[in-house]
Structures are given as structure tokens and as C-alpha cells.
Amino acid sequence: MTDSPGIVVTGASGRMGQMLIRTIQDSSKARLVGAVEREGHAWIGQDIGAAMGGPETGVTVTDDPLEAFASAQAVIDFTSPAATVAFAGLAAQARAVHVIGTTGMTDEDLARIHVAARHATIIRAGNMSLGVNLLVQLTKQVAAALDEDYDIEIIEAHHNQKVDAPSGTALMLGEAAADGRGVDLGAVSDRGRDGITGKRERGHIGFTAIRGGDIVGEHDVLFAAAGERITLRHVASDRAVFARGALKAALWGLGRKPGEYDMLDVLGLK
Ligand SMILES: NC(=O)C1=CN([C@@H]2O[C@H](COP(=O)(O)OP(=O)(O)OC[C@H]3O[C@@H](n4cnc5c(N)ncnc54)[C@H](OP(=O)(O)O)[C@@H]3O)[C@@H](O)[C@H]2O)C=CC1
Ligand SMILES: O=C(O)C1=N[C@H](C(=O)O)C[C@H](O)C1
């Protein structure tokens, strides 16, 4: 078992951090070698297993990412945009594969990740589940098959702790729809309708975000025309689907040449 690739999880106390730690520990293909949290976090210095309320793992939560990354083959990172940009530079320094699940990144953040990918293998996706990545491909196909008589609306729902909107997944689906239609999403995107908005513009792609309770993640892509509607839907009911995808991505990335990849590459869906 000691020969299996070592993985560090950042944001170890988070919803996804804890799910990732459990997923890696249950896997025979990888081992947990580090757990990173921010400076001053109550879990620093504690065994990650004990901090999560279970048996000890021998991995102590640290606030020193570079030291943790130096002993790992891959870093799985579901944190915040600012943290992820910093981790991208450090993972590149440590020559570790960097799997990024963090959403809500600005164009500037993405440009910095692009720079880090000159020296590191980075796999980034707003959604790491197999189901959503299949939905991305289906959305592209349906959008390519239908003309602008079909209004495209993307509706997403998440728990009340989510800080970014639209979700990373909704943006992936919007990009796929725009791609299928051969248009630039930035030019046709309708976000945050409120007040006297005027009639819907033909060819636009609309986004709606619902936030409530403990919804894990739900995405609908609606194609609405006069007389008929098609809805493509994905419902995640367990964060394990994201964690399993992220671990698969980390293992896929080992030995790959530096560059930016996504889950479609990992799943062979391109
Ligand atoms: N791509 C995908 O498949 C999925 C992506 N996500 C995305 O993953 C991200 C995290 O989601 P979720 O787990 O629900 O959020 P949480 O808020 O539960 O977890 C984020 C964790 O990151 C920690 N963190 C923030 N900054 C740092 C830092 N500088 N160093 C170390 N740790 C840090 C937070 O610590 P603290 O609490 O102290 O701030 C927290 O523990 C979001 O962007 C979300 O959209 C989520 C699910 C699936
Ligand atoms: O914050 C979440 O929880 C999720 N975030 C991702 C997103 O922004 O799409 C993926 C998933 O839907 C859960």
C-alpha cells in the first residue's frame, strides 16, 4: 500500500475536503499523505481522522501547504479562488498534479492558473461527476441540433452555504450550449434578471440560481420553444460523486505532461 500515490487534500475540514479524505482512505489506489487548512484553523496540529470524529489516520492537519505538497504526487483542492490560485503555484513548485474543483474563479484567477500549468499538470472542472460531464456533451449535441426557436435556460439549485453563482456547473453547461450553437457565451449570456427586463432576446442563454437548505447540486438545461420543451437534468444527491471523480482525475494526471486538462479529458469524452 505504501507504493500507491500520495495525495494531499486542501480545505480538509470543508464539506468536500472531508468527503475527499474518506474517499481516499476507502481507496486501494491512493493514500492520504497530507491535509491542509488555513493558518489559525482549529484543526491545525490534530490528526485529520480524529478531527473528523473517527479513528486516527497518522496524518496531521498542517497550515504549511508547500511542505505537505513536497511529499505528494497529487493535490486535490476544493477551497476558494484565492487559495486555489496560491496552491497552483505551490503545486507547480512541488511538481505535484493539481486537481482543482474550486468554482467562482475570475478571468484573472484563471490566467494565473494558466501560468502555473506551464510547469504543472492541472485538471480543473466545475463539476467532477461522470453524470454532469455526460450532460455537458449532451447539452452541446442538443444545442447544435436545435435552432434559436428554442430558448436555452440553465437552472441550478444548491445548498444555502454556497457562495458563488451561477454555479461552476451551470457555466460549464452554458459554455457547452454556446459551443453547440457556435456562439460566444459572453455575448449571449443573461444573468440576474430583475425588474423591467424587456422581452427575452432570441438566441440568449439564461441562468437562474436557487439557494436553499442542504441541496447538494441540481442542474436543468431547458430548451423551450413554441409548443414543446426539452429538459436535460442532473441531480447529485451525494458529494461522493464529486470526490470519486476528483480521485480519478488525480490518478489519471500522474505522469501526464504539464498543461490544463478537464474531466472530459479524464473520462475520454472529448
Ligand atoms: N468541481 C466540483 O465537482 C465541485 C466543486 N465544489 C466547489 O468546491 C469549493 C468548496 O466547496 P465546499 O467544500 O462545499 O466548501 P467549504 O466552505 O465547506 O470548504 C472549503 C474549505 O476550504 C478552506 N479554505 C479556504 N481557504 C483556504 C486556505 N487558504 N487554505 C486552506 N484551506 C482553505 C475553508 O476553510 P475555512 O472554513 O476556514 O474558510 C474550508 O474548510 C467551492 O468552490 C465549490 O463550489 C464543490 C463540490 C463539487
Ligand atoms: O458548491 C457546491 O456545493 C457545488 N459546486 C459545484 C458548482 O459550482 O457547480 C459543483 C456542485 O454542483 C456542488
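One is the number of the first residue shown, and numbering goes on along the chain from there.
Any Cβ shown, glycine's included, is placed from N, Cα and C.
Per TrEMBL, these features apply:
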type	residues	note
DOMAIN	7-128	domain 'Dihydrodipicolinate reductase N-terminal'
BINDING	GLY11, ALA12, SER13, GLY14, ARG15, MET16, GLU37, GLY101, THR102, THR103, ALA125, GLY126, ASN127, MET128	NAD(+) binding site
BINDING	ARG38	NADP(+) binding site
DOMAIN	131-267	domain 'Dihydrodipicolinate reductase C-terminal'
ACT_SITE	HIS158	active site, proton donor/acceptor
BINDING	HIS159, GLY168, THR169	(S)-2,3,4,5-tetrahydrodipicolinate binding site
ACT_SITE	LYS162	active site, proton donor
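Features recorded in TrEMBL, as mapped to the structure shown.
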residue	record	DSSP class
GLY11	NAD(+) binding site	coil
GLU37	NAD(+) binding site	coil
THR102	NAD(+) binding site	coil
ALA125	NAD(+) binding site	coil
HIS159	(S)-2,3,4,5-tetrahydrodipicolinate binding site	coil
Report task. Grab the NAD(+) binding residues from the record (GLY11, ALA12, SER13, GLY14, ARG15, MET16, GLU37, GLY101, THR102, THR103, ALA125, GLY126, ASN127, MET128) and give me their largest CA-CA distance in Å. Result -> 22
Query raised in the report: Among the recorded positions GLY11, SER13, ARG15, THR102, HIS158, HIS159, which have a Cβ atom lying under 6 Å from any atom of ligand 1?
Result: GLY11, SER13, ARG15, THR102
Requested in this report: Return the single residue from the binding-site residues list (THR102, ASN127) that has the minimum number of other CB atoms within 10 Å.
Outcome: THR102
Report task. Tell me, roughly as an integer, the mean pLDDT over the domain 'Dihydrodipicolinate reductase C-terminal' (131-267). Result -> 98
**Report entry** Between GLY168 ((S)-2,3,4,5-tetrahydrodipicolinate binding site) and HIS158 (active site, proton donor/acceptor), the C-alpha gap once rounded to whole angstrom
**Finding:** 11
Report summary line: What remains of the recorded positions ARG15, GLU37, ARG38, ALA125, LYS162 after requiring a CB under 6 angstroms from ligand 2 is LYS162
Query - Residues flanking the (S)-2,3,4,5-tetrahydrodipicolinate site, with Cβ no more than 8 Å from the Cβ centroid of HIS159, GLY168, THR169 and excluding those residues themselves - result: THR103, GLY126, ASN127, GLU156, HIS158, LYS162, ASP164, SER167, ALA170, GLY217, HIS219
Query raised in the report: By a simple count, how many Cβ atoms lie within 10 Å of the Cβ of ARG38 (NADP(+) binding site), its own Cβ left out?
Result: 15
Query raised in the report: Which whole-number value in Å describes the distance between the Cα atoms of the residue listed as 'NADP(+) binding site' and THR169 ((S)-2,3,4,5-tetrahydrodipicolinate binding site)?
Result: 26
Query raised in the report: Counting only other Cβ atoms and using a 10 Å cut-off, which of the binding-site residues SER13, THR169 scores lowest?
Result: SER13
Report summary line: Here the binding-site residues are GLU37, ALA125, HIS159, GLY168; the one whose Cβ sees the most other Cβ atoms within 10 Å is ALA125
Report task. Mind tallying the domain 'Dihydrodipicolinate reductase C-terminal' (131-267) by DSSP state, helix then strand then coil? Result -> 52 helix, 39 strand, 46 coil
